[in-house]
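Trainee: Next up is a structure, given as structure tokens.
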């Protein structure tokens, strides 16, 4: 029972445009981990007009980052409901305060961070179009919409976010680095941090797959196809 009874607790860190969403999907599909995205839960709570959703909405409406205490409360209640599942956190913890809150409820097994060159991120983000109501993201290079400028599922228009425009990208990446640095240092000092560098998600993926395979059995072996 030793291996099976241990639930895997993993976190993925990476700047906007790092391919984090794609890597999360692949980890979830291959290893059966629940992909827990703070952005997804925020949207769900805002849509459902929950107390946390309403608090978050006030900040977002003013163009401010949702503060630590709101995000932490949101994520703690989500994690509370998933005590008996393997999970992968995405978008949380983003700050040291959030990381310390997470520490109080669990020990992480794996933290992966994606290091992607600035030029690559800038190019990727400028090719990124979003369907705001669902949070669906399209990239004109890797996963373009079937019809240019239109969401595949609803047929509604796609938009390019202001902060995906080149001059905003530089500021976002600087901000990400400042905030993420102490979080990365914390996990490095614990010996749970694994860094992956490169410009292509498909080249990074085999290394991520191997890392997870050492901790948890894949749902289906490669031969299953």
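Cβ atoms here come from the backbone N, Cα and C positions, even for glycine.
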Trainee: Please find, within the list 89-126, 127-164, the residue stretch that TrEMBL describes as region 'LID'.
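Mentor: In TrEMBL, the region 'LID' feature sits at 127-164.
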Trainee: For residue 38 (AMP binding site), write down the residues of its own chain that are at least 6 apart in sequence and whose Cβ falls under 8 Å from its Cβ; none is a fine answer.
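Mentor: The list for residue 38 (AMP binding site) reads 71, 74, 75, 89, 90, 91, 92, 94, given in order along the sequence.
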Trainee: With Cβ-Cβ distance below 8 Å and at least 6 positions apart along the chain, what are the contacts of residue 17 (ribonucleoside 5'-triphosphate binding site)? List them in sequence order.
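Mentor: 116, 120, 121, 122, 124, 125, 128, 169 - these are the non-local Cβ neighbours of residue 17 (ribonucleoside 5'-triphosphate binding site), listed in sequence order.
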Trainee: How many other Cβ atoms are found within 10 Å of the Cβ atom of residue 128 (ribonucleoside 5'-triphosphate binding site), counting all protein chains shown?
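Mentor: The Cβ of residue 128 (ribonucleoside 5'-triphosphate binding site) has 19 Cβ neighbours within 10 Å.
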Trainee: Treating G and I as helix alongside H, and B as strand alongside E, what does DSSP give for the region 'LID' (127-164) in helix, strand and coil?
Mentor: 3 helix, 12 strand, 23 coil
Trainee: Counting each residue once, how many in the region 'NMPbind' (37-66) are helix, strand and coil under DSSP?
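Mentor: With helix first, then strand, then coil, the region 'NMPbind' (37-66) has 21 helix, 1 strand, 8 coil.
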